[in-house]
Structures are given as structure tokens and as C-alpha cells.
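Let me begin by presenting the structure, written as C-alpha cells, before commenting on it.
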Amino acid sequence: MGMPASPSCFGYPLSIFFIIINEFCERFSYYGMRAVLVLYFKYFLQWDDNLSTAIYHTFVALCYLTPILGALIADSWLGKFKTIVSLSIVYTIGQAIMSVSSINDLTDQNRDGSPDNIPVHIALSMIGLILIALGTGGIKPCVSAFGGDQFEEDQDKQRSRFFSIFYLSINAGSLLSTIITPILRAQECGIHSKQRCYPLAFGVPAALMAISLVVFIVGSRMYKKVKPQGNIMVQVSKCIGFAIKNRFRHRSKEFPKREHWLDWASEKYDKRLIAQTKMVLKVLFLYIPLPMFWALFDQQGSRWTLQATTMDGNFVGYFLFFFLYVHLQQTVNPILIIIMVPVVDAVIYPLIKKCKINFTPLRKITVGMFLASLAFVAAALVQVQIDKTLPVFPAAGQSQIKIVNLGTDNVAINFPPPLQQVNVKPKGWVSNKTWRITNAVNITMGETSFGNLLSLSDSDYKLFPGGRTDKITVIRNSTNFSVTSKSLGFGSAYTIIIDECSGGTCNVSYSEDISPNTVHMAWQIPQYFILTCAEVVFSVTGLEFSYSQAPSNMKAVLQAGWLLTVAVGNIIVLIVAGASKLSEQWAEYVLFAALLLAVCIIFAVMAYFYTYVDPNEVEAQLDEEEKKQAKKDMDMYEKQAEADSQM
């Protein structure tokens, strides 16, 4: 074991408290960064929705591919402790680079509020994300197992409770970070110009990762550190490889068939390893359809986040749903998870049992897949309503014209065919646009300056948070005039017309260039609720099923396999979204729902033919056979020894 047992606290090893704090901080760091990542791609790097979604899912896939590398390093080379420390350093550096990459002033040489060298920011972002993926994925299979190592063999009850607390720390870190980091992003910061504060939104997760590393190292002397025992995944892979190669060599009919194709490894590997590998492969075969679930589930952080940006986020009068405000809708999932897990375990499952329904683990997983498909149908219905309210932009070869009459009389304007006559009433107005005020004026709205504007001139458009009012200040000849703007709608664009400033105030009128979003964000709640129910019966049950069907020394193999399904799911998003070529987002949602429904049916058929096993019974039977074989060998040895003595 390498080190003595950790000091005890309330019957638990003191070392596990350092591990739980470490996990809380790490999950805060990861989910906090991920909560604003797709928005960073879209609004800072100026990528479109499809590219933002593609890079987001590529990153998530990478985060779930690297656990295999982490497990190999820990089991075959460094051990869990050194692996966690080493990769946490890489992780912290990656988070710090992400924070630096989002500093607007880094390349803003002309101080106009926009980065002058976007490729520099992109390069730094990609380096940061690769390091984060290597770090978070690499330590993922190590931390929980390292926590389990701290307990003695007679502490099964405490170990079970530790994993419950460990899972709670994951959700607590996720929940807090998805609430806090979007708020940090909404702040304005910068040296030369005030912009959305991505450096703070990424910087706080970087700081939490550094704290996570320090806390973990502080507990070093208390940890029980198991030395690397050799990676069981490597042994399983070699066993499978040898069986395939040996079967290919003996494909002639003169060689008798064996009960299972893995039995062709018996010439080199013992019966126990072959039997355990059979059990693992049996479960891994059931994993084949599962990535499709994750393909839908992880779109909460990409497509559903982007969907929320086209909706009305004004929650005045909707206080029960305040947590959905603009980008905070990602907090719904962890909140619902914390609520739904005990409800499902304590209420739903017992009720199903009372109805005498045999709700097996594989049936639960099937129901979870069906619910996820249903959640995307709900998302498609919401998207259809959103599309009805979105502005219609001119197609290729077309233009849109808007005319504003700044005079005092009605006018009629004629265009040559096929355009028609339009009547324009007089209107005095500003926005980011026009003025009937004599002399140059300086305009600010809130903390945003439109600069100096001459009479009848217009400014550039500026971005403002939706759903709030701001103070408009007009300075003319050193005299200040102010007026409070009306509430700006989410996703809207206005031309504000300022006219006749006197008595400390101005006349203001508004022209709606783009209508505000009218479909409220609260309509996303049903799809989040359904998907959370799907997660509870799918993910929690899947882990439980995997552990119950895996041999004692191969649970890590199935853990890596389970994480791999998440990675493949995110790759599926990239493939389907890229190949579908669908122009309508609702149609893409329906496509994903249909694909998962088809996969759900296939999985249900596979589950019907699956036979549950008890690995403990199988291993006990193997132990008994080994004892009998050992006794038989001993008897033969004694008989041989007796025969030799008589000669």
C-alpha cells in the first residue's frame, strides 16, 4: 500500500475530505468554463452557430476520450496520486491560457473595442482547450477511485457514503459555477473599452482549479497511495487480440469449434481472465447504441443555449424561474437532478414496484432514451414558435429599405416597379442612429458612449443587455440633458431618435429595426425537465448496471467504456449536424429525436435477449474450480511422490 491509513474523522479517513473539496473545485472550474464557452465562440471570436456548436462538441468529446489515457498513466506508470497532480497542473495552465485568450485589449491596438488579431485569440483558445481536455479527462477516472482507495476493507458502508457525497460535490460545483460564471461574464471590464468580461468568467474557474490542486497536495501525507499494479485494460486488450489472432490461425474446419470465440485465448491466458473478459464484452456490446443518448443530452450546452439567446429572457413576474435568466438556463439541469434523483428513488420506483412491474435496469435505460427523444420533440415545438417571431432577412439578390421622415409633414415616396408607393409620417428620433438637434452633441446610454454626433447624423449600433432600461445622457454646449430609455427587448434592434432637448430632458422616440424576441424562456423548462428525467433513469441506472455486471477488478474498464460513449455521442453531433444540411433548426431537432427513437427500439431488442449475471457468483465458482484443480494437482503430485519413493 505504500503508506499507513489516514487519520480518522467521524469514522471516515480524514484524507477523503481533501479529495471531496478537490472534486468540488475542479467541477466548478470545468462546468463554469463550459457554461460560457459557446457564447465566447459566438460573440467574442465571432463564429457562427454551426462552427460554435462543432468546436464545443469536439472539445466535450476530447474531454471524454482522454480518461482512457489518464487510466493508462495511473495504472501502468505514475499511480493515481502523481497522475492527478501532474494533470491538474496541465489543467490549471489550460484554464489560465483560456482566460488570457479572452482579454479584449490583448490585440486591440486601435482601442476601438474589438480585437485586431482574432487568430491570436483563436490560437490561445485552442491551446487552452486542449490542455483542459487533457487535464479534466485524465484525472476523471482517477479521483473517485483514489478516494475509494482510502478506505479499509471493513469500511464498505463508509465507502458507499463517500461516493454519494462525492456525487453531490460534483453537482454542487456544477450548479454554483453555471450560476456564477454567466453573471461574471455579464460584467463589463477592459482597459481601453468596456466589454463583456470573459477574462473574469474564465479567470475564476482557473483560480478554482489552482485551489483544487493546492488542496489536493496539502492532504498528501494523509493519503493511502496504491502503487501501479499494471493496467487491466491492457491485459483485456491483449487477451481479445490473441483470441482473434488464434481463431484466424485455426479457421480450418479440421479444428473443432469452441463454445465462445474468446475461448481461443485459453492457450495463453487463464480461465479467470477469459471469463471476466466475456462479462465485460457482454456489457460493452450493450453500450454500442448508448452514444446517441449523449448526442442529444450534451446539446444543452450548445444548441439549447443558442436557442435561449433568441428568446425573451425578461423574468419580471416569473420569479419562480429566475434561474433561467438569459444564459443561466444551464443551471436547470443540476437543480432538477438534485431534486429528481431522491424523488425518483424514494417515490417513483417504489410506486412502479407496487404495481408489480419488473422495471429492470435495462428497461430504465430504454425509458431514459425515449424521454430524451421526447425532450427534443419539445425543443422542436418551441423552435417552431421562435421561428415565427424571427426577422425575415433579404435573400440573395434582394435588399430591404427603411425610410424615416424627419420633416413636419406627411410625404409619399414612389419607387419604380415592382416596388410600390409608401406613405411616411413625420418622425423625430435617435437610437444608435439619427438627430434633428442643432449643433454637435455627445451621447451616452448607461456606460456606453456613442461619441460626438452632428445634426442629422447617425452612430453605429451598440450592444446592450435586453430587458432593462438605461439612462440616456445628451451633452450639448456643456449642458446636460437626460432621459430614461424604455425597456429594450431581447434580441431587438432600435433606432432611437432624440429631438428638442430642453429643460434638462429630451423628447425621445423609438423605431424598431428588429422586433424583440417574444417567445419566453420559460417555454424551455418542459424540455429541460423531460431531459433531466431521462438522465436520472439513464445515467444513474447505467452506472449502477455497469458496476453490478462487471468483475471486481474490471470496473475501471467499464468506467472507461461508459465515458467513451459520451465522447462518441459528441462526435455523432458533429457528423449528423454536418451531414444533414438542414436549414431549419426545428428540423434538426426532429432528426435527432427520430434517430434516438430508432436507436431506442434497437436497444430494447438487445436488452430483451440480455441475461443478467452475478459476477461474484461467477468468480466464486472460478475460485471453487481453482481449488478443486489445485487439490487434484496436489493429489497427483503426492501419488507421484509416493510412486517415486517405492522405486
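Quick reminder: no glycine exception, Cβ is built from N, Cα and C everywhere.
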Seminar exercise, completed: Candidate ranges 30-51, 118-139; TrEMBL annotation transmembrane segment resolves to 118-139
Exercise. Taking 160-180, 517-537 as the choices, which stretch does TrEMBL tie to transmembrane segment?
Worked result: 160-180
For this session: Quickly jot the same-chain residues contacting the transmembrane segment (559-577) by Cβ under 8 Å, restricted to those at least six beyond its ends, or write none.
Result: 50, 53-54, 57-58, 60-65, 67-68, 71, 137, 140-141, 233, 283-284, 287, 290-299, 302, 542-543, 546, 588, 591-592, 595
Seminar exercise, completed: Contact count check, CB pairs under 8 angstroms to the transmembrane segment (364-382), set 81-98, 200-219, 279-297, 589-610; argmax is 589-610
Exercise. How many of the residues that make up the compositional bias 'Basic and acidic residues' (625-647) does DSSP mark as helix, as strand and as coil?
Worked result: 22 helix, 0 strand, 1 coil
Exercise. When you scan the chain for residues with a C-beta under 8 Å from the transmembrane segment (160-180), skipping those not six or more beyond its ends, what do you find?
Worked result: 12, 16, 19-21, 23-32, 35, 144, 147-148, 151, 204-205, 208, 323, 328, 330-331, 334-335, 337-338
For this session: Quickly jot the same-chain residues contacting the transmembrane segment (335-352) by Cβ under 8 Å, restricted to those at least six beyond its ends, or write none.
Result: 171, 175, 323, 359, 528-529, 532-533, 535-537, 540
